[in-house]
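What follows is a set of notes on a single structure, which appears directly below.
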Amino acid sequence: MTAPETLRFEDHRLILIDQTKLPGELAELVCTTVRQTHDAIQRLVVRGAPAIGIAAAYGVCLAASDSAASESSDDSPADERSRYIDAIDYLATSRPTAVNLFWALDRMRHVVESTPVEKLNDALVAEAKRIHDEDREMCHAIGRNGAPLLSEIDTVLTHCNAGGLATSTWGTALAPIYHLHQTGNAPKVIADETRPLLQGGRLTAWELSQAGVDVTVITDSMSGSLMRQGVIQAVIVGADRITARGDVANKIGTYPVAVLARHHGIPFYVAAPTNTFDLELDSGDDIPIEQRGRDEVAAPHGVGIVPDAANVLNPAFDVTPAELVTAIITQRGVIHQPTAEAIARHFNS
Ligand SMILES: CSC[C@@H](O)[C@@H](O)C(=O)COP(=O)(O)O
């Protein structure tokens with residue numbers, strides 16, 4: 001069976017799998033405006049660092065149809081350009097942590113600034129499609145590069161969803177598993193359910209089972225005990241931002257898994273394309289962490305489970321320091337025991 005596409009751009013419309021409805025319903029959401037795209041990213045209709053970047057790039061293209069529908073379609077070239085820049089600036093406010101969003105929008109900004117106005121529309125669509133195509137290649141290369149690290153093990157743990165739903169195709173953390181699955185050698189996967197929005201229980205479990213990969217969902221609090229029993233032999237996760245020295249921001253709950261993995265002597269792998277690196281930041285403490293609303297924790301599915309008088313914290317991401325990371329897998333290869341020097345070498349090779 002061919003996996004449904006996380007996102008596609010057809011007839012100047014951005015079509016997204018609505019990930020808020022999975023696994024119950026495989027529904028699509030169609031965006032025809034910049035505002036709808038911003039809303040879809042903010043509500044996690046589309047989510048996962050690479051997919052957010054691709055969706056935002058297509059979202060910029062929708063500024064053209066927004067303007068065609070408006071009364072000011074006879075704007076001057078300067079107005080036309082500033083409409084796209086406004087769209088880029090606005091989409092950049094949708095979510096703060098995944099650096100892929102800003103990376104993709106910077107590429108679109110460069111096109112806006114360097115292309116004659118009459119060619120802008122086509123040039124922006126072409127650039128967004130390039131970003132999309134490059135992501136497919138990166139996922140497959142991460143799959144190839146990461147596969148040897150998982151080929152000898154029986155069971156791997158993953159947290160959140162860094163699979164096809166978070167990218168254009170195989171994902172990052174799940175790419176080595178899909179690569180091995182082609183030859184029937186994939187390890188079994190344990191998926192943390194990933195409170196509060198359950199990207200593991202809903203999305204990772206959905207896409208791996210669709211693909212025929214053996215997947216078992218656990219609550220986030222179970223992994224330590226399973227590591228102690230020897231059930232889990234490796235951990236692999238994605239990333240939203242990796243600093244120059246290798247600190248990794250990823251879904252909240254990743255850091256405790258890394259600490260547990262170190263305690264039990266289990267390798268902790270991070271899989272991410274090079275556009276997830278923010279080489280301008282050194283320390284992970286400087287990564288902006290998205291704080292989301294109270295209800296995601298206090299009233300899942302609209303059912304209140306926390307007394308009104310109690311405070312709630314809901315940071316969407318945490319930071320795992322580089323010293324807990326066994327290796328980072330990118331489309332270029334593997335950075336073992338990441339340090340600032342090893343990462344700089346990887347980028348300069
Ligand atoms: C290849 S996706 C990598 C990360 O973006 C993923 O692990 C993650 O944390 C996603 O968080 P989300 O809040 O669902 O966008």
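All positions are counted from 1 along the displayed chain.
Backbone N, Cα and C atoms are what each Cβ position is placed from, and that goes for glycine too.
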Query raised in the report: Among Arg8, Arg95, Arg292, Arg294, which residue does TrEMBL name as a further substrate binder in the site formed by Arg47, Gly48, Ala49, Gln199, Asn250, Lys251?
Result: Arg95
Query - Among Arg47, Gly48, Ala49, Arg95, Gln199, Asn250, Lys251, the record's substrate binders - longest CA distance, Å - result: 17
**Report entry** Cβ-Cβ distance under 8 Å to Gly48 (substrate binding site), same chain, at least six residues away
**Finding:** Ala98, Asn161, Ala162, Leu165, Ala166, Thr167, Gly171, Gly238
Report summary line: For Cys160 (site 'Transition state stabilizer'), the closest of the binding-site residues by C-alpha position, picking from Ala49, Asn250, Lys251, is Lys251
Report summary line: Quick note, Asp240 (active site, proton donor) and Ala49 (substrate binding site): C-alpha atoms separated, nearest Å, by 5
